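K.L.:
From TrEMBL, here are the annotated features:
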SIGNAL    1-26  signal peptide
DISULFID  CYS35-CYS189  disulfide bond
DISULFID  CYS57-CYS61  disulfide bond
Amino acid sequence: MGVRECPARLLLLSLLLFSLGLPVLGAPPRLSLICDGRVLERYILEAKEAENVTMGCAEGCSLSENITVPDTKVNFYAWKRMEVGQQAIEVWQGLALLSEAVLRGQALLANSSQPSETLQLHMDKAVSGLRSLTSLLRALGAQKEAISPPDTASAAPLRTFTVDTLCKLFRIYSNFLRGKLKLYTGEACRRGDR
């Protein structure tokens, strides 16, 4: 049986190889996924939906403890003057802290007296989204830039603050994706040296 006789098998084999991380003939490189604006926009939309769902809820949206999150404010003038390695450090630190915060929020929600299925669904999507974004950034080479910038000592410590509601947590998640992550990936993809 030749390839022409069984396109379904070829597709199945390609999917299997792709899921194992092996190169597949004709498959776009992984880094192009994060460089496709629609991919990041999908994660931003999910984060915004979660924020909107939690905006109106009073009960069940308060957290039983404060959670530390990254400050998402961006000084665009300073950002543009920052070395790429410093930008990568800021994005990786923010992504790591945000991932910890969302995982902590997920645990607090699961341990609450009557967790809402809708809130759990949005929290699960956020956890999954952050894991996917971490993988996509790794494929882009951001982790390598963050580990070995020329002047690591000059990197400013990550600014943080705490949140006490799921709405604030999802707002930070949404703002981080729309701000620092989008700025960094846009620049890294434009450079095209990855």
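Cβ atoms here come from the backbone N, Cα and C positions, even for glycine.
No curator has checked TrEMBL annotations; they are predicted automatically.
Owing to the predicted nature of the structure, the values given are computational and were not obtained by experimental measurement.
Show me how these features fit into the shown structure, please.
P.N.:
Sequence-distant contacts of CYS35 (disulfide bond), defined as residues of its own chain at least six apart whose C-beta falls under 8 angstroms from its C-beta, comprise LEU140, THR185, CYS189.
Long-range Cβ contacts of CYS61 (disulfide bond) within its own chain (separation 6+, distance under 8 Å): THR54, LEU119, THR165, LEU166, CYS167.
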K.L.:
Once the chains shown are all counted, how many other Cβ atoms turn up within 10 Å of the Cβ of CYS57 (disulfide bond)?
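P.N.:
Cβ-Cβ neighbours of CYS57 (disulfide bond) within 10 Å number 15.
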K.L.:
With every protein chain in view, how many other Cβ atoms are within 10 Å of the Cβ of CYS189 (disulfide bond)?
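P.N.:
Taking every protein chain into account, the count is 16.
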